[in-house]
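Below is one structure, written out as structure tokens; the observations come after it.
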Amino acid sequence: MASNDQPPRRPRPGPWPPAPDSTPAAPLSWAKRTGFKGRVSGESDASNSGQIALPKPKERENSLDLESGRTHTTTLPPPPIAAAATATPVNGESENRERGAALVPADQVARKGRDSDGGSKNGVLGLNGPVRSDPPPPPARRQRREDEAVTLPQLQEEEEGFASRQAHIKYELRDSPGLVPIIFYAFQHYLSILGSLILIPLVIVPAMGGTYEDTAAVVSTVLFISGLTTLLHTFFGTRLPLIQGPSFVYLAPALAIISSPEFQGLNGNNFKHIMKELQGALIISSAFQAIIGYSGLMSLLLRLINPVVVSPTIAAIGLSFFSYGFTQVGTCLEIGVVQILLVIIFSLYLRKIRIFGHRIFLVYAVPLGLAITWAIAFLLTETGVYSYKGCDINVPPSNTISAYCRKHVPRMKHCRVDTSHALSSSPWFRFPYPLQWGTPLFNWKIALVMCAVSIIASVDSVGSYHASSLLVASRPPTAGVLSRGIGMEGVSSVLAGLWGTGVGSTTLTENVHTIAVTKMGSRRAVELGAVILILLSFVGKVGGFIASIPDVMVAALLCFMWAMLAALGLSNLRYSETGSSRNNIIVGLSLFFSLSIPAYFQQYGLVPNANSSVPSYFQPYIVASHGPFRTGFGGVNYVLNTLLSLNMVIAFLVAVILDNTVPGSWQERGVYVWSEPEAVRREPAVSRDYELPFKVGKAFKWVKWVGL
């Protein structure tokens with residue numbers, strides 16, 4: 001009798017009709033050893049509800065289009081249900097016995113077909129007996145199914161032992177398109193995640209008291225570091241086509257440090273002083289992250305990091321900035337709301353429209369929405385809609401006498417597009433260099449906060465590594481390759497600290513969605529785009545142009561980006577049983593407490609209007625001065641009050657504790673499956689995907705925990 005922990009066997013694709021003696025193919029070796037079998041969203045055993053479990057139909061072909069979200073499966077009639085006396089119990093066995101439900105063998109447990117319109121189609125056994133197998137649906141019917149959820153491909157093992165994947169990517173990991181296509185795809189890839197690259201400096205620099213010129217300089221530095229670290233990661237990290245850039249993971253702790261009481265009464269250049277404090281904290285925390293990766297400790301942490309942990313942690317990052325998003329959009333509603341609506345229309349309602357074979361509106365939703373809204377705001381500004389007689393935006397509000405001007409000056413400040421002089425004041429050529437803001441300052445309490453955040457950043461990257469590898473590589477990376485990637489991300493963040501970007505550098509989560517939409521998985525395109533970013537960073541006018549984006553448009557874009565980040569985090573649940581009550585409770589508790597517990601810390605002992613000098617949307621980050629921890633050690637109070645006020649930290653702690661203490665099978669928990677080094681060494685194609693170039697890998701042969 002088969003064990004309940006053994007996953008059901010996947011059938012081998014065969015000819016149509018199949019030979020009578022065809023037998024199901026064995027699972028992949030790494031799946032067999034781990035006992036893992038991935039399930040798509042919404043699938044659960046019928047036996048959980050006391051219904052008869054249906055046998056799994058044999059698959060002939062399963063073609064997947066990730067861009068359109070279309071899946072087509074051709075099925076065969078199922079075998080008859082085995083007798084209950086010889087069946088292997090499935091989940092909910094006790095309930096089934098009480099209700100008299102039939103049990104089925106473990107290798108025939110039913111899964112809903114991705115294309116199934118109901119239990120009576122595609123050869124699924126009905127309650128009254130077998131139902132005939134329908135032929136493949138016509139093209140018109142398949143076209144109507146483009147609204148189905150996008151799922152990652154399931155790997156199948158061929159006779160040669162290599163993993164085969166459906167043709168869902170135009171260019172895979174080691175493909176090299178021609179010169180013209182690779183340039184086009186490089187621009188396409190980076191433009192699609194433009195918001196993730198440029199928006200963080202537009203938030204933190206003004207919060208530090210920096211000018212528009214300072215913002216332009218930081219933007220140029222971010223472009224340089226993003227290009228440099230992306231090249232390092234594609235050559236010496238995981239070698240997956242993942243773009244490195246400023247991470248939203250570091251945004252909340254950076255704002256908490258910026259809003260510390262010790263920085264509120266500074267005289268002189270607040271921006272440079274706070275930036276040097278952030279640089280010192282980033283250097284220490286990034287070195288800590290690099291040690292975790294290259295020492296092999298990350299391989300041990302992987303046992304605690306599962307989809308049920310990653311999902312609420314990343315989602316909490318996006319949800320934590322709700323107080324900033326629409327609060328800023330409301331300063332100029334007619335511009336901010338138009339920006340949000342355009343991005344929504346492009347990315348959702350017009351996503352299927354193709355121009356020259358490309359989904360322009362889906363891929364370029366953010367830059368297109370920004371360009372159109374900026375043009376509308378420019379026309380309104382030039383036609384005098386936001387011009388009020390006798391009012392000057394450059395006059396401080398305290399010196400404004402007229403009530404008429406006090407009412408309209410804020411509107412002029414947020415709605416006009418000519419209030420920033422960043423473009424005109426930026427030089428044509430500027431070379432970002434390390435320590436450009438001065439010598440970093442090292443503060444142990446700020447460094448401890450950032451060290452904890454670097455662990456969250458590593459958790460974020462684990463989900464991105466796994467999802468992207470299923471799209472572009474032969475198999476998922478080994479635990480050693482993953483540790484190597486985390487170590488390289490630590491080195492990248494050290495560089496970000498030395499150059500002074502304000503936040504650490506990590507894998508952009510949105511990059512995985514971009515790969516699925518653009519179907520571009522070649523690392524060559526990502527590397528060429530990184531070189532272009534480095535060249536653009538030398539043109540000061542580029543940073544000045546980005547810095548001149550009106551604040552209300554930045555906030556509107558952030559509303560979309562943070563919503564996308566929350567959705568991408570929750571999408572990690574597709575690797576687990578989303579219908580499991582265990583997983584639902586863990587994710588629900590993690591998300592709720594990630595909002596509720598930080599709110600308690602942020603509101604504890606806060607006197608209304610006591611910090612009127614701090615904008616309302618930044619007040620949640622000044623918790624270090626009034627949190628509930630009030631011991632005799634000021635540094636300890638600072639660290640605990642700050643960390644426990646961060647939404648992602650609470651989500652991670654709740655999820656990792658519950659997921660690793662509440663009993664659950666590997667199949668239910670959806671443990672990430674990583675390739676085994678022995679299997680990788682037997683398959684040259686997989687080795688070529690992840691091996692280090694320039695014979696650098698030979699230097700790591702003695703370090704087995706960061707190699708293949």
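In case you wondered, yes, glycine gets a Cβ from its N, Cα and C as well.
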Name the residue range among 278-297, 478-497, 498-517 that TrEMBL annotates as transmembrane segment.
278-297
Selected stretch (most C-beta pairs under 8 A with the transmembrane segment (278-297)) from 179-204, 216-236, 328-349, 361-380, 441-459:
441-459
Contact call for the transmembrane segment (638-658) and the transmembrane segment (441-459): at least 3 Cβ pairs under 8 Å, seq gap 6+:
yes
Intrachain neighbours beyond the transmembrane segment (179-204), with Cβ under 8 angstroms and 6 or more residues off its ends:
171, 215, 218-219, 222-223, 226, 243, 245-246, 248, 251, 254-255, 258, 324, 358, 363-364, 366-367, 501-503, 508, 510-511, 514, 517-518, 520, 522, 524-526, 528-529, 532-533, 546-547, 549, 551, 554, 557-558, 560-561
So which residues does the transmembrane segment (328-349) touch in its own chain, when a touch means Cβ under 8 Å and the partner is 6 or more beyond its ends?
361-362, 364-366, 368-370, 372-373, 376-377, 410-411, 414-415, 550-557, 559-560, 617
Where, among 216-236, 361-380, 553-573, 585-601, do we find the most CB pairs under 8 A to the transmembrane segment (528-547)?
216-236
Which residues of the chain, 6 or more past the ends of the transmembrane segment (361-380), have a CB below 8 A from one of its CBs?
188, 191-192, 194-195, 335, 338-339, 342-343, 346-347, 350-353, 386, 415-417, 514, 517-518, 549-550, 553, 556-557, 560-561
State the residues, same chain only, that lie 6 or more residues beyond the ends of the transmembrane segment (553-573) and have a CB under 8 A from a CB inside it; answer 'none' if no residue qualifies.
41, 195-196, 199, 202-203, 248, 307-308, 310-319, 321-322, 324-329, 335-337, 339-340, 343-344, 347, 366, 369-370, 373-374, 377, 463, 467, 509-510, 512-513, 583, 587, 670
